[in-house]
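Summarising the annotation, TrEMBL assigns active site, schiff-base intermediate with substrate to 205, 257. TrEMBL lists 215, 226 with the feature 5-aminolevulinate 1 binding site. TrEMBL lists 242 with the feature Mg(2+) binding site. As annotated by TrEMBL, 5-aminolevulinate 2 binding site applies to 283, 322.
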Ligand code: PBG
């Protein structure tokens, strides 16, 4: 018996292994390439910190001081990292997250520091959400019954957007999953003359257990969960609806979050929309790899690059990852 795929003696005529034989040929035919410019580094800055404060559930990640934040930003930029996403941890939190809209609040101060350190050499981004600033830990302001008040929260986001843009953020990342947040922020920015400030919308953000270590990172006091505003992990079509709404409301880029358990969502969105798609490899994804590697169960460096490659392969044009600086160094 012979067919098109069998050669003499029934051995294969077509041998896919020929293109896997040497590093050179594998490199030639690689379908996915990682580049430092694809990576966005999330950074935490803690008001009043005199020394960087380690985050125990994220080994290797710290809450920066203003000074070490500048150094970390400089290092990332010198390695060609595509963007920096800043998160601020204030020394005092309250019910409406006042520190988030204070022009001298820690996030705004840090944005000014980073802008003066690296200028336009990378894209400076800021998390636009109230949870780091509220004493109840929710992403918005609460009604008397304890539920999150969508429209009152939008007004707070509009104020935050303006102070962040004025502090030097090039791109804002609304991450609170309130309905209408992108349009509301876009209109507020435009009305204040910030028509050039762009929006990276956390469009498809799931209510995920993978954010666990982040709660330590931002000293969150959240009781309960975010199921009434973040998406149900069971849903996929809903992500498309969220993404299309955000694009209609003026989002310049959209994001899927977390990344690895949601690569099907990344692929669908990348196939269906024509704006850049980012994916956020979140704290729990980082922590799992670090913990397994620390136990000697997996090869850390290999797995880090494999995770990043798989997120790119799924269709993400940018990846937020706590390994951005390290991965950029490896890529050089
Ligand atoms: C909200 C926000 C969160 C993360 C990024 N922005 C927390 C949440 O939605 O509960 C999580 C990031 C991570 O886990 O690495 N400001």
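Placed from the backbone N, Cα and C atoms, the Cβ positions cover glycine too.
Predicted, not measured: the structure shown is a model, and the values here were computed from it.
Overlay of TrEMBL annotations on the structure.
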{"residue": "205", "record": "active site, schiff-base intermediate with substrate", "DSSP class": "strand"}
{"residue": "215", "record": "5-aminolevulinate 1 binding site", "DSSP class": "helix"}
{"residue": "226", "record": "5-aminolevulinate 1 binding site", "DSSP class": "coil"}
{"residue": "242", "record": "Mg(2+) binding site", "DSSP class": "helix"}
{"residue": "257", "record": "active site, schiff-base intermediate with substrate", "DSSP class": "strand"}
{"residue": "283", "record": "5-aminolevulinate 2 binding site", "DSSP class": "helix"}
{"residue": "322", "record": "5-aminolevulinate 2 binding site", "DSSP class": "coil"}
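In sequence order, 57, 58, 210, 211, 212, 213, 214, 217, 322 are the residues near residue 283 (5-aminolevulinate 2 binding site), counting only same-chain partners six or more apart with C-beta under 8 A. Checking the recorded positions 215, 242, 257, 283, 322 against ligand 1, the ones with a C-beta less than 6 Å from an atom of that molecule are 283. In sequence order, 242, 257 are the recorded positions from 215, 242, 257 with a C-alpha within 10 Å of the C-alpha of residue 205 (active site, schiff-base intermediate with substrate). Cα spacing between residue 215 (5-aminolevulinate 1 binding site) and residue 257 (active site, schiff-base intermediate with substrate): 15 Å, rounded to the nearest whole number.
If you measure from the Cα atom of residue 226 (5-aminolevulinate 1 binding site) to that of residue 242 (Mg(2+) binding site), you get 17 Å.
The Cβ of the residue listed as 'Mg(2+) binding site' lies under 8 Å from the Cβ of 203, 204, 231, each on the same chain and at least six residues away in sequence.
Listed in sequence order, 175, 202, 204, 205, 206, 208, 279, 280, 282 are the same-chain residues at least 6 apart in sequence whose CB falls under 8 Å from the CB of residue 257 (active site, schiff-base intermediate with substrate).
Least packed by the Cβ count within 10 Å, out of the recorded positions 205, 215, 226, is 215.
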